[in-house]
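Take a look at what TrEMBL says about it:
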DOMAIN    66-378  domain 'G-protein coupled receptors family 1 profile'
TRANSMEM  45-75  transmembrane segment
TRANSMEM  87-110  transmembrane segment
TRANSMEM  130-155  transmembrane segment
TRANSMEM  176-195  transmembrane segment
TRANSMEM  233-251  transmembrane segment
TRANSMEM  319-343  transmembrane segment
TRANSMEM  355-379  transmembrane segment
Amino acid sequence: MSIADNDSTRVKFIKASIDPSTTWDTLHVTSATTVTQLLISDQDYATLVIIFCSIFGVITFAGCLGNAVTIATYLSMKLKDGVTISFLGLAISDFLYVITMLAHLISLGLYTLERKSSFKIWFPFDPFGIYVFFSNIGVLIYLITILATTFIAIIRCLCVSMPLQFRNLLTRRRSIWCITIFSLVSVFSYLPILLNMTMQASFDANINTTRYRLWVSPYREEIKMAIWISRDVLVTFITEIIVIVCVVVMTKKLQAAAKFRNKTAKYSVRPTLSPVAVAGIQATSLVSDSKIATIVNCEPSETQSNKLSSKDFSVVRQVVLISSVYIVCNMPKIVIDLAVLFVPDLALGRPYQNVYITVLGIMELLQVFNSSFNIFIYFKYNSKFRKHLCLFKSKT
């Protein structure tokens, strides 16, 4: 591998700044190397970058708007129960992540503008350094989304599997504590990486002057690898398995509840006695109220026979969909984490570098998608959310 003289310093910065869990930080490594790329050529990769950035911009903008509306709607619901607070915590995490990735995309655009103008256009702060910072902050925040989604899936799974034991498990206070703990764990587990990088004034040969550029501690790589294995690989893989199990259990409960509803609807008949006749039967006091109910309508009481009420049924469907989207969108991250362990050439400066970066781009795109469109699930399966969303719109 040979590197152009005027790019050697930049590439050193790049190599020291890349995380396995971030994506576009390697956009310019490709142009600085002469390694023959397999499967995806440099020209194909450049085209993919344009496509990804366009889609990325649309999704992040939509995600910012959707999550802002979701947060405002949940706040208008007065947060009386643990379920609402849990969904609010997830919405706040998604909003912060999408905002971060939007800033991440803007800084990438500014850096691209500098490169295309041959640094005739430049900024006091190196956009590449800002870009790397937002990449790392995005990794920090996304763990909150992972933990919150897993938490909600586990709680709803327990509630539908063992309702008598766990019906009142998710209280308002417990939800607040759990979301707070998730946030603290996410911040402090990634803080050592952020403390070993900063923006400091240094000479930039590209613009022949001094500006604020990315500085990385020589100890950061060792710290990063230790945190990456425990925080990203293990936690992501374990939570993925847990959410899949929860989705399977909740899906079976939904199928059982739907089957019961169809069965009761099939054998339900309309009342065959007039109100006058029913009043006459009650007056005789010879027939109990339960028998009168059977005579008037043979459909049994849903609250007595069905373990899932209408509200629980809707909440479970909502959680199943959110969890399913999370599973699909999180799969590329699992794949790339495992693939790099078995394919040595799937790395920077190797023949499959473009494939590696492309898969990382898909991973980040799906993560943003996962954090952007939950509002449609809330609107579809939460009548209270729809009601307050309409009130929110009317007030504005």
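Glycine is no exception: its Cβ is also placed from the backbone N, Cα and C atoms.
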May I ask you to check whether the transmembrane segment (355-379) and the transmembrane segment (233-251) make contact, with contact taken as at least three Cβ pairs under 8 Å and only pairs 6 or more apart in sequence counted?
no
Are there 3 or more C-beta pairs under 8 Å linking the transmembrane segment (319-343) with the transmembrane segment (233-251), counting only pairs at least 6 apart in sequence?
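The transmembrane segment (319-343) and the transmembrane segment (233-251): touching, yes.
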Who are the long-range neighbours of the transmembrane segment (176-195) in its own chain, taking Cβ under 8 Å and residues 6 or more past its ends?
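For the transmembrane segment (176-195), the sequence-distant neighbours (Cβ-Cβ under 8 Å, at least 6 residues beyond its ends) are 19, 85-86, 89, 93, 136-137, 139-141, 143-144, 147-148, 151, 220, 223-224, 227, 231.
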Give residue numbers and ranges for long-range contacts of the transmembrane segment (87-110): same chain, 6 or more residues beyond its ends, CB-CB under 8 A.
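The answer is 24, 27, 53, 56-57, 60-61, 63-64, 67-68, 70-71, 74-75, 79, 123, 127-128, 130-131, 134-135, 137-138, 141-142, 144-145, 148-149, 152, 175, 179, 182-183, 322, 364, 367-368, 370-372, 374, 378.
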